[in-house]
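Feature annotation from Swiss-Prot assigns active site, proton acceptor to Tyr154; the stated evidence is sequence analysis. Per Swiss-Prot, the feature NADP(+) binding site maps to 9-33. According to Swiss-Prot, the substrate binding site annotation covers Ser141.
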Amino acid sequence: MTIKNKVIIITGASSGIGEATAILLAEKGAKLVLAARRVEKLEKIVQTIKASSGEAIFAKTDVTKREDNKKLVELAIERYGKVDAIFLNAGIMPNSPLSALKEDEWEQMIDINIKGVLNGIAAVLPSFIAQKSGHIIATSSVAGLKAYPGGAVYGATKWAVRDLMEVLRMESAQEGTNIRTATIYPAAINTELLETITDKETEQGMTNLYKQYGVTPDRIASIVAYAIDQPEDINVNEFTVGPTTQPW
């Protein structure tokens with residue numbers, strides 16, 4: 001197993017997919033650096049991990065701020081001497097029709113879903129290039145693969161993540177940096193994403209969908225662990241993951 005003793009940063013780690021991934025990777029022996037804005041939730045997750053003899057620290061992090069991302073990577077290197085992988089998982093999904101003109105929410109999605117990923121990449125890339133190894137994993141969405149009414153801006157941000165990660169993979173191969181990438185496209189996974197939707201009609205429709213088909217975040221955690229656990233000369237770069245019963 002290649003996860004044991006790997007130093008792994010997780011953003012958006014305070015709930016949902018991030019929390020589930022942290023718990024699973026800790027069980028497999030990873031050394032974790034957890035990041036999110038909600039410190040009280042991070043504290044509880046770290047306590048849970050340590051109670052099971054796992055190893056984890058946390059840092060309050062706003063992924064929209066470049067300096068926060070840089071400090072996060074610096075913390076990991078200061079504490080553990082290196083970073084082996086980063087899981088860029090922070091995101092929001094305030095879906096609504098374009099005609100609702102929720103421009104502030106559009107901007108928030110762009111800042112967190114796109115710039116947050118870019119900031120994470122920029123923060124970790126120098127150390128990965130220097131050590132000629134590293135693994136960058138990002139959460140996109142099936143919304144980045146298939147359009148649907150109400151998901152225009154969210155889908156656009158997740159398509160951007162898809163393109164960023166694919167070009168990063170190509171450039172890493174060309175430059176010989178040995179940096180691996182993986183992009184995950186979840187469908188209906190039961191997380192707090194629905195709580196970010198303020199458009200009532202959209203929220204009701206998405207809630208009904210998730211009630212019918214949604215599965216637990218640990219399903220995605222196992223995919224992240226699988227990607228990290230592959231040999232260094234193998235790059236499994238895309239995972240589309242959803243409930244068996246969901247027609248999408």
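Placement of Cβ uses the backbone N, Cα and C atoms for every residue, glycine included.
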Self-check item: Candidates Thr21, Leu25, Tyr154 (recorded positions) - the one closest to Ser141 (substrate binding site) by CA
Solution: Tyr154
Quiz item: Tell me, how many other CB atoms lie within 10 A of the CB of Thr21 (NADP(+) binding site), whichever protein chain they belong to?
Solution: 30
Self-check item: Surrounding CB atoms that lie within 10 Å of the CB of Ile17 (NADP(+) binding site), all protein chains
Solution: 29
